[in-house]
Each structure stands twice: as C-alpha cells, then as structure tokens.
Amino acid sequence: MEYAPEFDNSYARQLSGFYTRLQPTPLKGARLLYHSKPLAQELGLDAHWFTEPKTAVWAGEALLPGMEPLAQVYSGHQFGMWAGQLGDGRGILLGEQRLNDGRYMDWHLKGAGLTPYSRMGDGRAVLRSVIREFLASEALHHLGIPTSRALTIVTSDHPIYREQTERGAMLLRVAESHIRFGHFEHFYYRQQPKQVQQLADYVIARHWPQWVGHQECYRLWFTDVVERTARLMAHWQTVGFAHGVMNTDNMSILGITMDYGPFGFLDDYVPGYICNHSDHQGRYAYDNQPAVALWNLHRLGHALSGLMSADQLQLALEAYEPALMVAYGEQMRAKLGFLERDSQDNDLLTGLLSLMIKEGRDYTRTFRLLSEVEVHSAQSPLRDDFIDRAAFDDWYRRYRSRLQQESIDDDQRQQSMKAANPKYILRNYLAQQAITQAEKDDIQPLQRLHQALQQPFTDQPEFDDLAALPPDWGKHLEISCSS
C-alpha cells in the first residue's frame, strides 16, 4: 500500500488572524523538472510521488488530505529601516506533514501566485531563482548548516517579466517552521500584545515544549533563539557563505537559513564581500553578518518586550557573543586541525587569513589544501599558491610547530580536517551554468552539481571539475534581488 503523508495545519487552527486562506494559482504548462531524492526519502515519499499523476501537488494544482493553504502575514526591518507590513507575497503554506518521528514539517509552495501580501509583485518566481534556492538549501544542509530544504522544482511555459522575460517556476520548500522575527514585529508595531504572546506561546509549545509552564519560559526561549542565531552565524562565516538579504523578515525563529536570494560563497577571501548588487552600503557584507544578526535580535527583543523585563531581555541578548565566539572558535580550530585550544591559535588563524587577503587566495581551496599537510614534511601543498614565499614559510613553520602539539597522527588529522573543509561548494558560476542548461530543459548539469554537493567533504574524482577555481568571469557575477 502506497504511503500517504499525514497533514495538519496547526498554524491555521491556532492562530486565527495571522494569515489569509487562499488556494495556489497554477502555472501554464507546469511540469516537474527535478526533485531531491534524499529529502524525499526523509519525508517517506517514494518514486511514485514524482510521476505524472502526482505532479499536480508540486505545481499547486491539487491538495492532499489535511492541507489548508494559507499566506502568512508579517512585517520587518529591511536594510535597517522599518518596512511595515510584508507577508507571504508569493508563497503559500500548504500544511504540516507529520513525520514518523513525531516532528512536523511545513510544506511551503513558492511562486504560487498573488496573495493579499504581494504588494507590487506578481506572486510568481522564476526558474533561475528557484534553482538557486534549491541548490543553496541542499548545499548548506549537506555542509551541516541548519536550513530550510527544497523538495521539488516545477518549471512551466508561463512567461514571467523581470529584467527580461523568464520562465515561471515553483519550489516546494520544507522546514520545521516558517515563522520569522518579522511575525512578532508585525503584531508589536500594530499594538497587539495579546497576539505577540499568542504567537510566542504557539512557538514554544511547538518547538520548545520543555519550557511550557516554566516561570521564565519566555527568557529561556528567547535565550535559545539568540544562541541558535549566533551558532548559525558561526556556520556561515566558517564556510564563507554570504546571505545577502538579512532583513528581519528573512530571519528564522528557529535559527535556520531561509529565504535564499542573492547569496554567494566566497571565492577569493574578501572579508567585505557583498553578494547583493543592491546593497550599496555593504550592510549585509560577509564580515558584517554577525553584527547584523545581533541587531536583528535586538529588534526581535524589542517586539517581545511585553513578555519579559528589560533585565531578562538584556540577559538573553548577552548570550549572543559568547555563543558566537565559542562556535566560531571550535569550527575554525577544526579547519586548522587543532583538537585542543592554545594561546597561539588565533594568531595562526589571523596570520593565514591576512596572507589570503594580501594575495587574493581562494578561501575554500586554501583550507582544503591545508588538510593535506604532513607535520614532518617541510613541503606544503599550499606553498605554490603564494607569491610571497618568505611570508608563507614563516607562517607555515609556526603552523607545523603547533600541529606537533596535537596527539593524533597525520592520517587521523587529515581526515578530521577534510571533514571540516569542504571540497565542493555552490559557487555562483556553477549555479549559473546549471540554470542556463535547465532553461533549455537539460537538467544534467543541475543533477550533477546537486549530486556533488551532497558529499561536500568527500573526494569525488568524477566531480573534480566542480572543485576547480572559478574562471575570471565567474568571480564577478552580480546577483540581483529579483526572483
């Protein structure tokens, strides 16, 4: 007997006034282009769910029993300014799938048509942006970074007008929750404190049930949100990921990555890297992300000020920097091959990063090559990458000396370092190549890239071309917010 997912929509049942009910608006000539087999397996969906009769679900043409589609309302700060009411302008929450382990997963259809919150938009998504989000969310997941996931890509013959005419598409996004900082801001700025508390109680009962009824449940919950967000920033910084649009309406209350737009991974190590060509002031530059996340948490704290005292809010927010520094320190030590802490570790890290800045070295390649270092060999696989050999040799001498303090052998250390230093990341030019071919109905590059990204830390000789340094044109792609 075929497995039938069990759906609910607690958001619809428990949070009246927080959404608008509506049906998805199908695209003309919609067809399933691609899906994530690993995610499908996690959701209990076999191959039959991705054959022609079932395509209607992924294309917004049919609903499964228990689904109650709705668009959520929220507000937010965008580029540091209060933007007022926003909401799901082109996405519809179809329902929540109950998994065998008791968890619930939102099914959210992006590009599903106009909603009351579309503002000046058309409610649609283009194939280009759908493929980028699919690949990015799958890439971050396999890098071990908390993120929403992407299950299906639907393409169509429906023309969508952006800077040029593009194909309309839909993405089925999966996450434990789509609640954002901006949900709380919306009701706070509308002077609806009961709704703020109602939403907080819903989130705590759903995702932090251990604190229901606790005298300080709101402080404990907010502190965990702060710490989760801090750890997420540490993950982003260590892999060289820039989100690009860290508005409060794009910040998850669960501390996961969501709302992929003009994101980018570092090629050359440029701390001030700006991936969004609309970010003229560099607010969301790579090296500014941890500070912006804290600013956003302060905005969330302000929205929650009716639930906690000022001292409780401050105490929760003060957990951010220690959580960030601990997580970042642990992850960067792992990238350097250090199991134990040492007073010289930070100098060695900043020394290497300074060399990379000075010579424009590739972030991912440098750390991956570092994983091949042999402690007792004066020859480094990295040396030929640097022009200033004297400066590198001085750093490398100190680095080898530090490695000799570790209690594991080369093989063990190299394996642990490779598990912290990916070989394959989603470079913008690789995503663009996959998009270009998919727009011609050739999904082989998309499929191949997706396959490589599922094992980013493993040497896969058949995908060596996907680990190569980008061509010059590939380093300077400007990514638009239009999607």
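Glycine too: its Cβ is placed from the backbone N, Cα and C atoms.
Feature annotations, reproduced from Swiss-Prot:
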| type | residues | note |
| --- | --- | --- |
| ACT_SITE | Asp249 | active site, proton acceptor |
| BINDING | Gly87, Gly89, Arg90, Lys110, Asp122, Gly123, Arg173, Arg180, Asp259 | ATP binding site |
| BINDING | Asn250, Asp259 | Mg(2+) binding site |
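Feature map: Swiss-Prot annotations on the structure.
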{"residue": "Gly87", "record": "ATP binding site", "DSSP class": "coil"}
{"residue": "Asp122", "record": "ATP binding site", "DSSP class": "coil"}
{"residue": "Arg173", "record": "ATP binding site", "DSSP class": "strand"}
{"residue": "Asp249", "record": "active site, proton acceptor", "DSSP class": "helix"}
{"residue": "Asp259", "record": "ATP binding site", "DSSP class": "coil"}
Taking the Cβ of Gly87 (ATP binding site) as reference, which residues of that chain separated by at least 6 in sequence fall under 8 Å from it?
Ala71, Gln72, Val73, Tyr74, Ser75, Thr115, Pro116, Tyr117
Can you give the largest Cα to Cα distance in Å, as a whole number, for the residues Gly87, Gly89, Arg90, Lys110, Asp122, Gly123, Arg173, Arg180, Asp259 that bind ATP in the record?
22
Which whole-number value in Å describes the distance between the Cα atoms of Asp249 (active site, proton acceptor) and Asp259 (ATP binding site)?
9
Quick one: Cα separation, Asp122 (ATP binding site) versus Asn250 (Mg(2+) binding site), in Å?
19
How many other Cβ atoms are found within 10 Å of the Cβ atom of Asp249 (active site, proton acceptor), counting all protein chains shown?
21
When you put Asn250 (Mg(2+) binding site) at the centre and draw a 10 Å sphere around its Cα, which of the binding-site residues Arg90, Arg173, Asp259 have their Cα inside it?
Asp259
Let me know how many other Cβ atoms fall within 10 Å of the Cβ of Arg90 (ATP binding site).
22
Among Asp122, Arg173, Asn250, Asp259, the one of these binding-site residues whose Cβ has the fewest neighbouring Cβ atoms within 10 Å:
Asp122
